[in-house]
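*Asks:* A single structure is presented below for examination.
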Amino acid sequence: MLIQRPPRIPTSEITPEPIYQARRQFMRQSLALGSAAVAAGSVAGAVAKPSFVADADVASPAWLSQKIAGAAADTSEVNDKLTPYKHVTTYNNFYEFGYNKDDPAKHSDTLKPHPWKVEVAGEAGKTGSFNLEDILSKVELQERVYRLRCVEAWSMVIPWVGFELGSLLKQFNPTSRAKYVAFTTLKDTEQMPAQGSAFGTIDWPYVEGLTMAEAMHPLTLLAVGLYGKALPNQNGAPLRLVVPWKYGFKSIKSIVKIEFTEEQPPTSWNISAPREYGFYANVNPKVDHPRWSQATERRLPSGLFSPNIIDTQMFNGYDEVASLYKGLDLRKNF
Ligand SMILES: Nc1nc2c(c(=O)[nH]1)N[C@H]1C(S)=C(S)[C@@H](COP(=O)(O)O)O[C@H]1N2
Ligand SMILES: [Mo]
């Protein structure tokens, strides 16, 4: 991955967050007061609706906007401050639209996320091509506030709206031969012009993969929104993976294919630089990238005078996944 310059967003442009934080405080208070509602099943009752809703227009069909607006709020305690919407949607990696962090926000309006189909293939009882709307009609949307740690040593905290990948995969009845799940991004030089550019580090389409156990882990999401709105194109509309304990490049955007495989599938950054990017890509402060340290990270917003450097945590702080890697040498399997 290219080493990027510091963010270009001046600190003066940072959207004030009080709206989001105030709203969250309100949700907490109503939760505390409404203990009866909580006991009766808070997810369906008092806390339906995401806690964090950006005051932004994101074009999306009514059926999707409505579904996202009804997502169950994340009620877990999150100590990290959210990264403002403006940064989440203007500081992006989406090489299909260019290398610079502001390219995806500037150039992704050529992407047409609706209507959208996802092909499901491979080692499963049920395969075929499915409309996004049909896929979403069979899952429950939830808000999840997750840290996102890029391999380039910057990070954000994002309130996603999505559903557990495992809840979808089960519906296709994977066979006993399904050991991995492979994902593919759209390939279309009209919608993704930079895929046609002559000098490139990636052989399109972008591909990624997980072990079956990783894919079925309840932390693993397919996201359709963030900050209570549909995903902006630059964040991977209309459907992208979110694996919070792995480096951001595993969280593949604008997915058109999901395939159950017996063999470990190829992954884009591993193909382009195998010594630098592995298949596992678990966040690990003790295993440095060959060209830089992974011990710390720049938590966005980060500026010249307040770089906001923090310690990187093992598995990005999601210790509950440690059991997935018992007996695996994480230095070799980086
Ligand atoms: N198809 C595709 N998916 C992708 C990328 C990409 O270039 N193309 N970049 C990855 C990287 S390196 C990161 S850090 C995250 C960034 O997600 P965000 O822009 O929504 O923060 O997307 C990942 N998914
Ligand atoms: Mo990344």
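The backbone N, Cα and C atoms fix where each Cβ goes, and this holds for glycine too.
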*Asks:* Select one of THR175, THR185, THR189: the residue that TrEMBL places in the Mo-molybdopterin site alongside ASN92, TYR95, GLU96, CYS150, ASN235, ARG240, SER251, ILE252, LYS253.
*Replies:* THR185
*Asks:* Just the binding-site residues from ASN92, THR185, ARG240, ILE252 whose C-beta lies under 6 Å from any atom of ligand 1, please, or none if there are none.
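*Replies:* By the Cβ criterion, which requires under 6 Å to ligand 1, the hits are ASN92, THR185, ILE252.
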*Asks:* If you draw a 10 Å sphere on the Cβ of GLU96 (Mo-molybdopterin binding site), how many other Cβ atoms land inside?
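*Replies:* The answer is 29.
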*Asks:* Who sits close to THR185 (Mo-molybdopterin binding site): which same-chain residues at least 6 apart have their Cβ under 8 Å from its Cβ?
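*Replies:* Same-chain residues close to THR185 (Mo-molybdopterin binding site) (Cβ under 8 Å, separated by 6 or more) are GLU96, TRP204, PRO205, TYR206, VAL207, ILE252, LYS253, SER254, ILE255, VAL256.
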*Asks:* So for ARG240 (Mo-molybdopterin binding site), how many other CB atoms are inside 10 Å of its CB?
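*Replies:* Result for ARG240 (Mo-molybdopterin binding site): 23 neighbouring Cβ atoms inside 10 Å.
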*Asks:* DSSP three-state call for THR185 (Mo-molybdopterin binding site): helix, strand or coil?
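*Replies:* Going by the DSSP assignment, THR185 (Mo-molybdopterin binding site) falls within a strand, counted as strand.
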*Asks:* Any same-chain residues 6+ apart from ASN92 (Mo-molybdopterin binding site) with CB under 8 Å of its CB? Would you list them in sequence order, or say none?
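*Replies:* Correct list: LYS101, ASP102, ASP103, PRO104, ALA105, GLN234, ASN235.
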